[in-house]
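I have placed the structure first, in the form of structure tokens, so that the comments after it can refer back to it.
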Amino acid sequence: MLTFAPLNFLAIGVGATLGAWLRWVPGLRLNGAGWPWGTLTANLVGGYLIGVMVALIASHPEWPAWIRLAAVTGFLGGLTTFSTFSAETVDMLERGVYATAAAYAGASLAGSLAMTGLATVRLLLR
């Protein structure tokens, strides 16, 4: 059972800060007016890494809760971003680029699910 221990709060906070910074950099470098490659990249990489962490945590029940909280809830929660994805999709819809919005939404959702599943399956089959 998780508790509201100070170490858990610190783990989430540090992880979230690092994840958000890492999400910000590809957004600066890769996001363009037509397609937000930086956000898509962050979400796909984050989805894959969440799968990795789910498999690693499942195979190491002795790990303390703060490790999962720092890595998954904090870092990967800060790296991946449903709110930015949603805002970018709505912006595309408002600009009338419906096919681009649909493609971006589909690529983000299907890609993130595929990356998470790929990582989880690969590690669990070891």
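Glycine is treated like the rest: Cβ placed from N, Cα and C.
Taken from Swiss-Prot, the feature Na(+) binding site applies to G77, T80. Here Swiss-Prot flags 2-22, 37-57, 65-85, 101-121 as transmembrane segment.
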With H, G and I counted as helix, E and B as strand and the rest as coil, say where DSSP puts G77 (Na(+) binding site). helix
Ranking 2-22, 65-85, 101-121 by Cβ pairs under 8 Å to the transmembrane segment (37-57) puts first 101-121
Tell me which residues of the chain lie with their Cβ under 8 angstroms from that of T80 (Na(+) binding site), as long as they are six or more apart in sequence? G19, R23, A42, N43, G46, G47, I50, S112
Close in space, distant in sequence - G77 (Na(+) binding site), Cβ under 8 Å, 6 or more apart: G15, A16, G19
Same-chain Cβ contacts of the transmembrane segment (101-121) under 8 Å, 6 or more residues past its ends? 35-36, 39-40, 43-52, 54-55, 80, 85, 88-89, 92-93
